[in-house]
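Here's what TrEMBL has on this protein:
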type	residues	note
DOMAIN	9-169	domain 'FAD-binding'
BINDING	Arg44	NADPH binding site
BINDING	Asp51, Arg110, Asp303	FAD binding site
DOMAIN	294-358	domain 'FAD-binding'
Amino acid sequence: MNPVNNKRIAIVGGGPGGLTLARLLLPGGAAVKVYERDVSRSVRVQGATLDLHDESGLAALRKAGLMAAFEQHYRPGADHMRVVDKHGVIRFDEMAGPTEGVYFRPEIDRGPLRNLLLDSLQEDTVVWNSHFQDMQAEGKGWRLHFKNGTSAYADIVIGADGANSRLRPYLTDIVAFYSGYTAIEGAVYDSAKNVPVLHTLLHGGKIFALGDDKTLVLSSKGDGSLVFYTGFKAPENWVKENGLDLNDKAQMKAWFQEAFAGWDALWLPLFEQSAGSFIARPLYCMPLDQHWQSQPNLTLLGDAAHLMPPYAGEGVNMAMLDALELSACLLDPAFHTAHEAIAAYERQMLTRASATAQMTLEQTDALHREGNLQYMLDMFDPEKQ
Ligand SMILES: Cc1cc2nc3c(=O)[nH]c(=O)nc-3n(C[C@H](O)[C@H](O)[C@H](O)COP(=O)(O)OP(=O)(O)OC[C@H]3O[C@@H](n4cnc5c(N)ncnc54)[C@H](O)[C@@H]3O)c2cc1C
């Protein structure tokens, strides 16, 4: 019998990591609940499209029996990527990649990914409007308290609550360090109508614009919108101290013109036509040598465990691979206790995440220093590999 059979498991956070884990634990005989702060599944999920990798995100979906659902919802051709200079001149045009095999890196929007995972769960697995506040030990498990005044008992708690995890401090006091880079994120609805020139350049895929020591990444989405984020070097408190009003398009456009001086006016419609508020994201990373004493009834996955900057496109893939590895350990009858299973998972997760974070930091630095365009072009040049 596996070590979680008949146990109550609380997963806090219904992002890609938490929902994948809930799905993978289904056959294990545990009573699994996902406590999610969003009030319902119809809350609009923000963010760029995600490319899933064969050995991680796709491996988790395969194990979960969800490849057929995935194939209905991923966006063929959205992995088409253009690398352009700061004037918008195309320097590398990557056609959409293969449709199977280890180099198949299909793109799916965050909303459809969340929906397909939700559809694979039982109706009452996710408890919406459950914003985790705190918890205390109760018997051999935990009593969790939520902002809406409710509480719940669980034998085992999994913190899948993302970058600013409230669960993490119950396991470790190690905090993330600032990477040195900040991103400003925005979105444009109906990009064909609102930013037609950029829409054409985007060609239903992704653009990496590189120049000076800065980046501008654009992704098309299946609903006809696009999202973009500028990346640049900045002091950690830049967002708080610069006095920029992220709701004020004119101010944000003026900021871009100054900060990205010398970049073509081609990019300005992004700021003129953006929908809603911009999001400022100082980018953090967990220390590469982090480790903690495993606990018998608590662990972390995804960004809560190993937040890293987004420039290697690994975050969601790591979160889903965590779910795959953690479920494999928790459902393995070779482990006599959940504690043994959690310890085994954490050993492999921390080692893997450290190597991935190191690669990500190196890539983030290279993309934000002089020569970044050539660096990225070299990545695609077989003679430079
Ligand atoms: C600008 C940007 C671009 C990115 N691009 C990519 C990319 O191209 N490819 C890629 O792989 N990764 C990318 N990432 C990273 C990726 O988004 C994350 O690594 C991934 O979403 C982590 O998944 P997760 O399930 O651990 O956490 P999350 O996706 O953050 O999900 C956490 C969930 O927990 C919920 N939650 C939070 N706090 C509480 C609480 N107190 N109580 C209850 N619920 C709570 C949240 O509502 C959310 O549903 C990007 C990140 C950023 C910021």
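Even glycines carry a Cβ here, placed using N, Cα and C.
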Study note, to complete from the structure: Restricting the binding-site residues Arg44, Arg110, Asp303 to those with Cβ under 6 angstroms from ligand 1 leaves Asp303
Study note, to complete from the structure: Confidence over the domain 'FAD-binding' (9-169), expressed as mean pLDDT on the 0 to 100 scale, is 94
Revision key, fill the gap. When the binding-site residues Asp51, Asp303 are compared by other Cβ atoms within 10 Å, fewest goes to Asp51
**Study point:** Residues of the domain 'FAD-binding' (294-358) by DSSP state, where helix covers H, G and I
**Key:** 44 helix, 3 strand, 18 coil
Review point. Out of Asp51, Arg110, Asp303, which of these binding-site residues is nearest Arg44 (NADPH binding site) by C-alpha distance?
Key: Arg110
Check your understanding: Name the residues of the same chain, 6+ apart in sequence, whose Cβ is under 8 Å from the Cβ of Arg110 (FAD binding site)?
Key -> Pro16, Val45, Gln46, Gly47, Ala48, Thr49, Leu50
Check your understanding: Where the record says Asp51, Arg110, Asp303 bind FAD, what is the longest distance in Å from one Cα to another among those residues?
Key -> 17
Exercise for review: Using a 10 Å cut-off, grab the number of neighbouring Cβ atoms around the Cβ of Arg44 (NADPH binding site), all chains included.
Suggested key: 8
Check your understanding: Which state, by DSSP, holds Arg110 (FAD binding site): helix, strand or coil?
Key -> helix
Practice item. Could you tell me which three-state DSSP class Asp51 (FAD binding site) falls into? Key: strand
Point to revise | Local backbone state of Arg44 (NADPH binding site), from DSSP in three classes | key: coil
